[in-house]
Structure formats: C-alpha cells, structure tokens
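*Asks:* Sharing a structure, written as structure tokens. Questions coming.
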Amino acid sequence: RMAAIAQNTQDHSKRRVAYYYDTDIGNYYYGQGHVMKPHRIRLTHHLILNYGLYRDLEVFRPFPAAFDELTRFHSEEYMTFLKNATPGNLKLYNKQKVQFNVSEDCPIFDGLYQFCQLSSGGSLAAAVKINKLKTDIAINWMGGLHHAKKGQASGFCYTNDIVLGILELLKYHQRVLYVDIDVHHGDGVEEAFYSTDRVMTVSFHKYGEFFPGTGDLTDVGEGKGQFYSLNVPLRDGINDLTYYSIFTPVMTKVMEKFQPTAVVLQCGADSLNGDKLGTFNLTLHGHGACVRFFRSYNIPMMMVGGGGYTPKNVARCWTYETALAVNKSISNELPYNDYFEWYGPNYHLHIAPSSNVQDHNTPQYRKKVLESVVLNLDKLTFAPSVQMQPIPADAIKCLNDSTLL
C-alpha cells in the first residue's frame, strides 16, 4: 500500500511539459529606445538550456500562425495591414495607422507580421497539445501579449495569442480559466470574453493612473458573462507576502466556484521588483508561487509570457517558472551562458525585494478588495455546463511540430 501511495505522489509531481520556442524570436527589434525587447526571450532560453532544464521538457518549434488562424479573433482588415505595412511603405497607410493604433508604443518594425505569427503560433500549438492530451503543461514565453484588441494594437501587443489559444482550448474544454499576474490589467483578454460564462478572466494588476486604465473592482462582465470577469486592483509596492495573502483566497474560491478544466496563466514579469515600468516589489518567490498554486491542482495548464522590461530579470523569472513547471530545484548560482555578463554583479538567479519601498496595500485596503471580490464570486452560479458541439478542426492541422532539440 505504501508503494502505491509513493507511486501516486510521484505521479502527482511528475508532469509532461511542452515548451515552445523559435530561435528567430530574439532578432525582432521594436526600435531604438523602445522598452519592449524580444531579445529577453532568447536570454530566457539560454538560461533554460544551461541549467539543463531542457532534459525535462519536450522542446518544440511552433508553426507560425497562418492568416486564417489569426483572423479567428482579429479582423481581416487589421491583419492585412500588419502583413503589408513596413517601415518603408508606412506613408501609404496614414489613415490605417490611426485606425489600428500604430504609434510610438506600437511601431511598425521589420518583420512585425512574422513576429506576431511566431508569438501566436506558439500559443496555438500549446493549446492543441493540451487538447490532444499530449502534455500536462505547455509553455510559450513568446506569447502573453494580452493588450491586443480585435482590430487594434495596444500596449506593445499586436496579435492576442492568448485569446487565440483560449478559443482553441474551448473546442475541447467546457470552462477555461485565465489568470493574469502582469503588472498591467489583462484588458484585451477580458474584453474578448466579457460576455461569456465559459471563460473566466482574473487579473491582478496595478490600478490608478496606470496603463491601460481599465480593471476596476466593479468591472465584472456582462450578460451571460456577468461575474465571470474578476479584477483585483492593487497599489504600488506590493510584496510577496501581501500579494499571496490576496492571491490565495481569491484563486482558491475561483477554483472552487468555476471548476475550470484548463488554466491559462499569463506570467508577465513586470510585476517584479526593479522593472523599468512596473511599481510592485515582488521577487521570483512571490511571482513563482502563483505557478506553484496552479500546478498543485493537476489541471492542464498553459503558461505564457507577457510584460517585463528589465530583460535580465525576465529571463531569471521565466527560467525559474520553467523549473517549477518541471518540478526541479535549480541553483541560485547562474550557470555560465552566452549572456552571463548581463547578470552581474552577483550572477544569482534570485533577486532581492527593495527594502526602502513602501507597500501601499494597507490592511484596510486589502480587506475592502477581498470583501468586494468574494461578494462577486458568491454571485456566481455553479460551474456552467455546456452542451458540447461537434469539435471543429484543430488550428494546427497536424501535431508533428518540428522538434528543436
């Protein structure tokens, strides 16, 4: 009997983890002075390799998302513009530039459409892999671009790989839970599923004079989706302890009430201390605790990237969370890699919280937020059951992804 228990414990900790990466992703460049650096995904990949984590991953190079896959959510007119506009011919598109919100924040850069295809292709492939029961956890650090709208770029995001991935998951899963721990509100994903009860969106974010300005406590969804959008507005300086004291009760109740059959976790690393745009004071331990939380439920999970504007800390964070996914302890001493000099002066994996930063999330404020969130959750009807329809064709016609390693 003890052997059987040991076996069960072992099964529980062992997960099949698929990891999606394309070697070209780090070559894309938003332009001089722009804080979004796709190169951070290459930094992450090199750390993952040099820690030896690839031995516990199935590593895949995803197929780029095709035009008709991108238009499952995005408008054809917008995708045609992204496909055809280049820095050289942008003068021909003055009207569309305004219409599609191309700006300093969301510039047209060389290879932009291919960048979108890779980012979205990774999340589509991850969703198909989960649907086909070929993996337990699927990771796409190239994705997580949660601000993109149906017909507009926003907040450094052009195509919403998360929405596309969730639409794919909905072919096989009755209820999908989306959780966003980026410092910014997950507005694009919330908006896409605002009136459905099959996707619950939960976002923990800084609120108040901060991009994108949405995500108030009172934004709870509408129509059939009323109370299926949950927002947890936070204030500057939140630390690991405070964050987890809010995250745990909220998410435990969400899991109990909504009973998702798949989870999508957006792991935006701009909620870490020391981010160029973020104002929180989390360490890898606090951020990673959210990954641990969902992994303990043993439900199919997709993990995607997102924000993060101090590249060396983004790489630290997503490497650590890849290690959590495969349930491996990794050393605080960083392994030598092609970008080793980026991690000086201490060359450690973990980052310290700032000691001189005040946590503005007072006990009174936390109490108010928790009471309001719990009240909304109490209004949820029990997990909706869905009349299953014939399953449409998969986004990716075949599962023979080209393996990277």
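Quick reminder: no glycine exception, Cβ is built from N, Cα and C everywhere.
Taken from TrEMBL, the feature active site, proton acceptor covers HIS147. According to TrEMBL, the substrate binding site annotation covers ASP105, GLY155, TYR309. Taken from TrEMBL, the feature divalent metal cation binding site covers ASP182, HIS184, ASP270. The domain 'Histone deacetylase' annotation in TrEMBL covers 34-323.
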*Asks:* What is the separation, in Å, between the Cα atoms of HIS184 (divalent metal cation binding site) and HIS147 (active site, proton acceptor)?
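*Replies:* Given the Cα positions, HIS184 (divalent metal cation binding site) is 9 Å from HIS147 (active site, proton acceptor).
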*Asks:* ASP270 (divalent metal cation binding site): which of the recorded positions ASP105, HIS147, GLY155, TYR309 is the nearest Cα neighbour?
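*Replies:* That would be TYR309, the closest of ASP105, HIS147, GLY155, TYR309 to ASP270 (divalent metal cation binding site).
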*Asks:* Measuring Cα to Cα across ASP105, GLY155, TYR309, which the record gives as the substrate binders, how far apart are the two most distant ones in Å?
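*Replies:* Maximum Cα-Cα distance: 13 Å.
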*Asks:* Which residues does ASP105 (substrate binding site) neighbour through Cβ under 8 Å, counting only same-chain ones at least six apart?
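*Replies:* Same-chain residues close to ASP105 (substrate binding site) (Cβ under 8 Å, separated by 6 or more) are SER154, GLY155, PHE156.
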*Asks:* What is the interatomic distance between the Cα atoms of ASP182 (divalent metal cation binding site) and TYR309 (substrate binding site), given in whole Å?
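*Replies:* So the alpha carbons of ASP182 (divalent metal cation binding site) and TYR309 (substrate binding site) sit roughly 11 Å from each other.
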*Asks:* When you measure from the Cβ of TYR309 (substrate binding site), how many other Cβ atoms are you left with inside 10 Å?
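*Replies:* Within a 10 Å radius of the Cβ of TYR309 (substrate binding site) lie 21 other Cβ atoms.
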*Asks:* Can you list, in sequence order, the residues of the same chain other than ASP182, HIS184, ASP270 whose CB lies within 8 Å of the CB centroid of the divalent metal cation site?
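*Replies:* Filtered neighbour residues, in order: VAL183, HIS205, GLY268, SER271, LEU277, GLY278, GLY306, GLY307, GLY308.
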*Asks:* What does the structure give for the C-alpha distance between TYR309 (substrate binding site) and HIS147 (active site, proton acceptor)? Integer Å is fine.
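*Replies:* Rounded to the nearest whole number, the Cα-Cα distance is 16 Å.
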*Asks:* Enter the number of other CB atoms within 10 angstroms of the CB of HIS184 (divalent metal cation binding site).
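*Replies:* Its Cβ shell of radius 10 Å holds 27 other Cβ atoms.
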*Asks:* Other residues near the substrate site, CB within 8 A of the CB centroid of ASP105, GLY155, TYR309?
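*Replies:* Leaving out the recorded residues gives VAL35, MET36, HIS147, PHE156, PHE211, LEU277, GLY307.
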